[in-house]
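Annotated transmembrane segment per TrEMBL: 12-36, 48-65, 86-108, 128-150, in sequence order. What TrEMBL lists as domain 'Tripartite ATP-independent periplasmic transporters DctQ component' is 24-149.
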């Protein structure tokens, strides 16, 4: 159940990121046209595109979390027996979940501390920009939790959940 929801969430996130990239591209294009062809400055496009870049990076990191394509040092881990490798990955995922949980809690608190702060160029509350951290961390938390459940299920049942068969090659016990 959770892995299926995680895959759907991942698909939704990918579509949202695609839309944000398109919007950011349009904003940068407006900025370039305004500056070089019309001789006008549009500071709001620059600020908004920076905010979008942060959202894309932090929300996009959850896609990497789901697909387990984040940076990792596998020099020693790949030499371990598959069962021990999974146990170590579960332990590492639990540590990551703790860190992400703290980022979510502190991030929301920090974001709403800036509720009264208004961004000069766009006129929007800075909270909306700062919310990218806790939202991205929450999405990474959900994806990492899903991966951890899949690995624990495999440890005890030696099978993967529906749709997770591609991971079987890495974990032959």
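Here the Cβ of each residue, glycine as well, is placed from N, Cα and C on the backbone.
Most Cβ pairs under 8 A with the transmembrane segment (12-36) among the ranges 48-65, 86-108, 128-150 are made by 48-65. With a cut-off of 8 Å between Cβ atoms, the residues of this chain six or more beyond the transmembrane segment (48-65) that come close are 10, 13-14, 16-17, 20-21, 23-24, 27-28, 31, 121-122, 128-129, 132-133, 135-137, 139-140, 142-144, 147.
Beyond the ends of the transmembrane segment (128-150), by six or more residues, the same chain brings 2-3, 5-6, 9-10, 13, 51, 54-55, 57-59, 61-63, 65-66, 68, 90, 93-94, 96-97, 100-101, 103-108, 110-111, 114, 119, 160-161, 164, 167 to within a C-beta distance below 8 angstroms of the stretch.
Helix first, then strand, then coil: DSSP counts for the domain 'Tripartite ATP-independent periplasmic transporters DctQ component' (24-149) stand at 95 helix, 2 strand, 29 coil. Mean pLDDT for the domain 'Tripartite ATP-independent periplasmic transporters DctQ component' (24-149) in the predicted structure: 91.
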